[in-house]
Amino acid sequence: MANVSVFFCFIILLFGISVNGVEEEVKIYELKKNNFSIKLTNFGARIISVILPDNRGKLGDVVLGYDTLDEYVNDVRYFGAVVGRVANRISNAQFTLNGTVYKLDANEKNNTLHGGVKGFSQVVWKVEDYDNSCQSPYITLSYHSFDGEEGFPGDLAVSVTYALLDSYNLSVAMKAEALNKATPVNLAQHSYWNLGGHDSGSILFDEIQLFASHITPVNKSIPTGAIVPVEGTPYDFLKSYIIGGRIMEIPGGYDINYVLDGPTEKKMKPVAVVHSWKSGRVMRLSSDAPAVQFYTVNYMNHVKGKQGYVYLPHAALCLETQGFPDAVNHPNFPSQIVTPGKTYSHNMLYTFTIV
């Protein structure tokens, strides 16, 4: 990557919103290096824009979202958010830990999705640090989740750091510490990506490669507990393939947890490569998580987004690196339990290139 001599970072104050009856200050933060920039908000620790050039030099925003904070406050799609305390689904909104049954808030039929009715995507995070020196612009946000929040046990200290490391490299580092009780933790970053531009239509003609030889099949969106190979099925993206090439063979479209290949210990490994032929943009994602949820945004029906653009089904894709869904109810899945004195960590690196 070429050296970048000019960097800019600035903060834009929006307004306060009422959270639990208390007026909380919400801001938009921008990190910028040359012609690559991201905007974030401390409401839900969300990415609200990612701007980078296409193969003609035209800048474009490659994540879906809204124009106003009010729309994010009322969002039910988790646009750009950090989701937790436990991402994805927990079956029957309950689990047993150390002999105690914990009943959670159900917000998707009988299940708990992305932390419950008011998960981490719907709270105001505190800005712990913001680097204005601009050598490697970053922001660190934190949230204290209280014992019993959405039914989860124990106090939990959570943080996420977004950083621009080199040209077109975005790092996301999430940490959590259980303060007084063992608790499940599975954080995920829930941006909706369209490398053609948020307003460019369907991603079904883009190509994707997933470095995962197995999936965890589901019954009504809940894992069965099995881990099965993708070889010879429409889920096989071990080689780069058009996203829409076999999607008609998948009822409803792709929305499944892939088990990542590579080391099982906490080491960075390749997750996916996405290539948009419309723009020439390529996104490479790596992570130290054991799995990734690949979702082709199957139910986005006429959602009014940025600049009034209307988002339709398959307007984006999500790649949510994560622990296995419903692991608290499947002893054969890697554990998500964090005990006091232990630290949960989850790291991602997005590398963008133009071809």
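Backbone N, Cα and C atoms are what each Cβ position is placed from, and that goes for glycine too.
Listed features, source TrEMBL:
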SIGNAL    1-21  signal peptide
BINDING   Asn88, Arg89, His190, Ser191, Tyr192, Asp255  beta-D-galactose binding site
ACT_SITE  His190  active site, proton donor
ACT_SITE  Glu320  active site, proton acceptor
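Location within the structure of each feature annotated in TrEMBL.
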residue : record                        : Cβ contacts under 8 Å, 6 or more apart
Asn88   : beta-D-galactose binding site : Leu113, His114, Asn186, Ala188, Asn257, Gln293, Glu320, Gln322, Pro325, Asp326
Arg89   : beta-D-galactose binding site : Glu108, Asn111, Thr112, Leu113, Ser221, Ile222, Pro325, Asp326
His190  : beta-D-galactose binding site : Tyr78, Phe79, Gly80, Ala81, Val82, Val83, Ala87, His114, Ser121, Cys318, Glu320
Ser191  : beta-D-galactose binding site : Ile47, Val50, Val63, Phe79, Gly80, Cys318
Tyr192  : beta-D-galactose binding site : Val63, Leu64, Gly65, Arg77, Phe79, Gly80, Val297, Ala315, Ala316, Leu317, Cys318
Asp255  : beta-D-galactose binding site : Ser221, Gln293, Phe294, Tyr295, Thr296, Asn298
Site extent for beta-D-galactose (largest Cα pair distance over Asn88, Arg89, His190, Ser191, Tyr192, Asp255, Å): 18
